[in-house]
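Now, the feature entries from TrEMBL:
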- 1-21: signal peptide (SIGNAL)
- Asp33: active site, proton acceptor (ACT_SITE)
- Glu199: active site, proton donor (ACT_SITE)
- 319-457: domain 'CBM6' (DOMAIN)
Amino acid sequence: MMRTHGFACLVAFSLAVDAQAENPIIQTRFTADPAPLVHDGTVYLYTSHDEDDARGFVMRDWRLYTSKDMVNWTDHGAVASLATFPWARQDNDAWAPQVVERGKKFYLYVPISVEGWPKNVIAVAVADKPEGPFKDALGHPLIAKASYNIDPTVFVDDDGQAYLYWGNPEPYYVKLNKDMISYSGEVTKAGPKLTNYQEGPWFYKRKGKYYLAYASTCCSEGIGYAMSDSPTGPWKQMNPLMEPNKASSGNHPGIIDFKGNSYVFGFNYQLNFAETPIHRERRSVTVAKFDYNADGSIPTQPWWNREGVKQLGTLDPFKRVEAETIAWTTAIQGGWDHTIDWAPCLKTEKDEKVGVYVTDVRGTCSIKVAGVDFAKGASSFTASVASGSQGGTLELHLDRADGPLIGSMKIANTGGWQAWREETMQVTGASGVHDLFLIFKGGRDEPLFNVDYWRFAKAEKK
Ligand code: FUB
């Protein structure tokens, strides 16, 4: 989290590298119901999405963020939406998703609703790549209407049998067929009853043991989990994985192992409460690292912290970096001595031509990219930009928003918001590993300029 600091602190701490991420990990949108998938050295984090003006649940699409280091997250925009399922209700109810991989295809399971009571169904869409686009696999629900049909989670066991669990206020399961879009046998209630089960199951296997983690003990929700020696139970309820917290009515686990570490994702309402004291369904995905006990059980974890998790490795700035790769973004209001925890100052949009880009940047606005390895040095910085306004200034600082300035350039009107062109500035003083802050400066009345991607050039060897 950005702290209040003045220039005295700037001198004292200018060499500090804060490679810690911040929780919540996405600040450009309200996100919930995290569903991480590890594929090819990358975490693909699928989320549901609370609209900016939501009071209760207002949810219309599912979004994807990726990271190789657990700290810098790249926005891939919406990978599916209610329009993917034209036979479903179109104005709301795009709830908790999960994507699993099988046979080089990626299957997205989602709860949505249809006309009439009960309204909840589970649908499946398929894609050739984890980034989508996901297409409706059936043209109708996979799991027919029932009041308990929310929050699907799918796991493919070592013997090839896939299981779909889901449900509120009790978990149900079916065995999926190999095609992943049909099932065999009856819908069955999992048991024996898990007394603290609420919703949001997350089903997986680790070291021969099966786990069913879930949002527990409504409301406030913590995270509970159960273990079993078999994929269909009987389930043994374990200690709470995370106790509920009054600051958050909801929670929703997604659990992975990645690069030798174990992580649990969930959500809190921190960004909502940065904007208003009123509780609204404007949630934000969080992450914590944890360690299993030797017997496979999980010690109770503290509530989501503000610091997030440690970065795994560094980011290479000499390759193209999407501008929507962000460890933290916030408006900087009232000058450097009055930086604040979080206020929105930019958006991301997706476009057929250039993909996702940073847009609608206003005022003084920062993007932190954590743990950037400038190696022996960088000589210049090039960004693809577009502006339909008077433009603004882009400054690059190391370590903090008010850390050493390594370069600055004015971005003028390029002829329109999609009139992209590369602009280059010389940089000095960037070598070794630093957090990089892209600082946008200009007025608040109109957007400054869009940025699609950036990269540094290596300094010539002397
Ligand atoms: O996001 C909508 C619903 O809220 C989810 O489906 C539940 O798990 C809870 O997080």
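Positions of Cβ are set from backbone N, Cα and C atoms, glycine also.
Curation does not apply to TrEMBL; its annotations are automatic.
Note on the active-site residues Asp33, Glu199: the fewest other CB atoms within 10 A surround the CB of Glu199. Cα of Asp33 (active site, proton acceptor) to Cα of Glu199 (active site, proton donor): a span of 11 Å.
Residue counts for the domain 'CBM6' (319-457) by DSSP state, with H, G and I taken as helix and E and B as strand, are 3 helix, 79 strand, 57 coil.
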